[in-house]
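Structure first, commentary second.
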Amino acid sequence: MTATQPTTGPGTETADQAAVAAAPSGARAGGDLRETLYFALRNPKVLVGGVVVLGFLVLGLVGPSFLRYAPMDYAGPPMAPPSADFPLGTTTFGQDVFAQFVAGLRSTFLVGVLGGAVAAVIGMTIGFVAGYRGGLIDELLNMLTNVVLVIPGFVVLVILNAYLGVRSVPMQALYIGVFSWPWVARAVRSQTLSLRSRDFIDLARLSGVGVGTILRREVAPNMYSYLFMTFVLLFGGSILTAASLDFIGLGPTNAMSLGLMMNQAVQWSALHLGLWWWFVPPGLGITLIVGSLYIMNVGLDEVFNPKLRET
Amino acid sequence: MRGYLARKTLVYGLTFVVAVTLNWLIPRLMPGDPVQRMVARAAVQHPETIASMAAYYERTFGLDLPIWQQYLNYWAALFRGDLGTSVWLFPTPVSQVVLEAVPYTLGIMIPAIVLSFVVGNTVGAMAARSRWLDNVALPVGYLVTAMPYMWLAILLAWGLGVALGWFPVAGGYDFGLVPQWSWTFVADLLHHWVLPFLSLFLVSLGGWAIGMRNLIIYELESDYSNYLSALGAPRRLVRRYAFRNAMLPQITGLALQLGTVLGGALVTEIVFGYPGLGKLVLSAIQNQDFFLLQGTLLFVVIGVLVANFVIDIVYVLVDPRTRTGLTGATA
């Protein structure tokens, strides 16, 4: 039941309580990899979600090398419906929609992984430090978290992209990551707070190791499962944000993306011409990828937290 | 309670300063020069004319002053309600352009947010611990939440608009009508309003339902629920208590969700060519009208802050712990 409304993370509050409540029972939840895998592979939600996401990933990775046309090539007759030659038809300019879709998948996964990773690293660092150190540092970091939390990130992204001209997928992912970490920081902070006063942390401190080591070796392993699920949510959130930006026309100019496909479809009035094969696949792809991620996360929750498993 | 509100006000004040500073700073990091661009648009060849035009624009936009003075002037202008002049619709002031668009955006956003919150929470509360509803509502909820806002908007526009022809798919009202308070116009306005509202409402719905379902399950496992059941309290009473407790995180979630819904409203408007802030953002980007873009987005930031503050006050009303100074909500 951890953080279920991930695009913004309003589940934060819940997540805090739930994960903290779950922490004692699953103290070594992420530790035993074999046990985790055993339950993960027997959980239908994890299996179905994982297969869908992996399927799209493989399609995006190996697909382009099997295609005859590049995404922007004028490959065939304009406005052709799906056929054997063009599995998803062609655009008003005769571009192969399937080639665009496959290329778009690559950007989608790239933006998800990079954006998610940037947000996860920032959020976890701030959360760990604020929760463990406490005091003035905590106050300051907490203030920073709250300020970034309230600023509508999408709006700042629009300004940033419009002015600074974000023209590559990694740059876009970086900007998205920089504005989507606050709820992670909050959740991680509150969990760190609850772990800080445990005996084993005191022991580690007595043995004289540094703060970084304690956080890395003692605090973080106790929430590996939670951190992993957080990353999955950030992954999905980045994909959705990037799609919106691309759709407004603020996406990368040197790559194809699923949001950009929808932008072009609307711009060249595919709706009025009834070219459904142009605008349905990109949105469906995003929905299936992100939806599978969410469902996978529910399953992972059951894997990591034995209390939630159906008997 | 005073401490709680004071803390919140401090955060919002700080956020406002940061947002305004970012808004002021980012354009100045931009490669290229808006003045040059505007002069180039006039397409004059005479060098003296170009020089005097550039000087005029620099003075108009205050770009010839030292940087700290520009910053202070920006604040001063802001408090006078002066957001600059639109380049695209020169010489209309940005604030006037924005104010004309705001009612349309609020018109789809407020009903969509409120209704999706109410309906979503109700459905979620019903779905919790009901196997049949849970099995249907949960997967559907996750898929709906995973939909990009504009995709659902595109699907609705195509299905209900173009294919079935039930609703118009472009504009805020019929282009043949003049805005006025007549029945024909208001009916037409509502007719154009349905699809943008519906798509925003549907995408927001799933998240609330799922969140509420999970919260109710969590609350039903808590000590007070077990205690009540042990005393023999009827199931409905226990669930009612669980619901009231589950509402608190959902209200906090509402505040956090605002920014996302707003982004959703912007792209939804773009799909439907709805004359709100989203279309303004798009026109501003396409016409490189940075003053308009900044003004619009600053307005949005202020709106989000005000809405957050309103939600906080609601929170004080519904959560007694904030009133007695206990730690109810984290600041």
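Even glycines carry a Cβ here, placed using N, Cα and C.
What TrEMBL says about this protein:
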- B:102-311: domain 'ABC transmembrane type-1' (DOMAIN)
- B:9-26: transmembrane segment (TRANSMEM)
- B:104-128: transmembrane segment (TRANSMEM)
- B:149-169: transmembrane segment (TRANSMEM)
- B:189-210: transmembrane segment (TRANSMEM)
- B:254-277: transmembrane segment (TRANSMEM)
- B:297-318: transmembrane segment (TRANSMEM)
Proximity of the transmembrane segment (B:189-210) to the transmembrane segment (B:297-318), 3+ C-beta pairs under 8 angstroms: no
Stretch contact, the transmembrane segment (B:297-318) with the transmembrane segment (B:104-128), Cβ-Cβ under 8 Å, 3+ pairs: no
Residues from the same chain, set at least six apart from the ends of the transmembrane segment (B:104-128), whose C-beta lies under 8 A from its own: 134, 137-138, 141, 172, 193, 196-197, 200-202, 204-217, 220, 239, 243, 246-247, 250, 254, 258, 261-262, 265, 268-269, 274-278
